Amino acid sequence: MIKIKVPATSANIGPGFDSLGLALDLFLTLEIHEATTTWQVIHEEPDLPHDITHFIVQAALTLTSNMQPHRLVVKSDIPLARGLGSSSAALLAGLTMANILADLNLSPKEILKQATMLEGHPDNVAPALLGGAISAYYDGHQVYNSSFHIPENIIFTVFIPDYELKTAEARNALPDDFPFKKSIAGSAISNTLIAALANDDWQTAKQLIEKDQFHEQQRHHLVPHLLEIRHIAHQHDVLGTYLSGAGPTVITMAPENEAKILLPALTHLTTSGRTIQCHLNRSGLTITKEE
């Protein structure tokens, strides 16, 4: 049995729209069992198929059709349509499965390029594959990526609402055009945030994480709890609160001691959901073989 384990991811980190992302210690696990005559996908999601039409198998087939079907078991801690990279994790699991079963010998760089091409942007797939926190850009031909350090004591307090928010719906909330001056401001904020994060300048990062210009203001009507959580978090010494990916999940970054205090403060939000705390996953996608 081959086991592929892919972490959840949180994209944007505030102003790093479609470019910044980090991996969290929630996981999708794909187990590849015995060969079969047709694809069998065993999972507990009521609305997903159990055959060749499952997204993981379809992702694998984008690389090659020269694969013997197998019995697959999918287990996931990553909630669907919540802004935590569930589709990116499934995509990478499928591509990695194809790489193994068809002996394609693709490098991680080649897997990343294929995943980014299918996803359209690298901010989820890059940290899911490589682990840690990553800044990345895709020009339509090549993926450029570089990691940056986040200290061990930083905890991610993750509020996951009970409702789904499809990425397409969240994308539709964004304008087709953007004012030039606001674009410059957004770019400058993002650039400075990356430099601050790369240099462990948390005082500067703290002032910039909540200054996004590109998407949070346009999506706040879809995620009213963002401002509510941000207001509560400001009463503690946190680094910042941001919309994870397209939402509706909201994440607050804070040192461990402050995170412990923050958690019970988020128990009575007006939006129903659950709050968990995660660490940065530094290993990314892993493959193990078991007898």
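Heads up, the Cβ atoms here are built off N, Cα and C, so glycines get one too.
The ATP binding site annotation in Swiss-Prot covers Pro79, Leu80, Ala81, Arg82, Gly83, Leu84, Gly85, Ser86, Ser87, Ser88, Ala89. Other C-beta atoms found within 10 angstroms of the C-beta of Gly83 (ATP binding site) number 29, with every protein chain shown included.
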Subject >> Assigned conformation of Gly85 (ATP binding site) - DSSP reduced to three states >> reply: coil
**OP:** Could you list the residues of the same chain, at least six apart in sequence, whose Cβ is under 8 A from the Cβ of Ala81 (ATP binding site)?
**Re:** Glu164, Leu165, Lys166, Thr167
**OP:** Identify all same-chain residues not among Pro79, Leu80, Ala81, Arg82, Gly83, Leu84, Gly85, Ser86, Ser87, Ser88, Ala89 whose C-beta atom falls within 8 angstroms of the centroid of the ATP site's C-beta atoms; report them in sequence order.
**Re:** Ala8, Ile78, Gly245
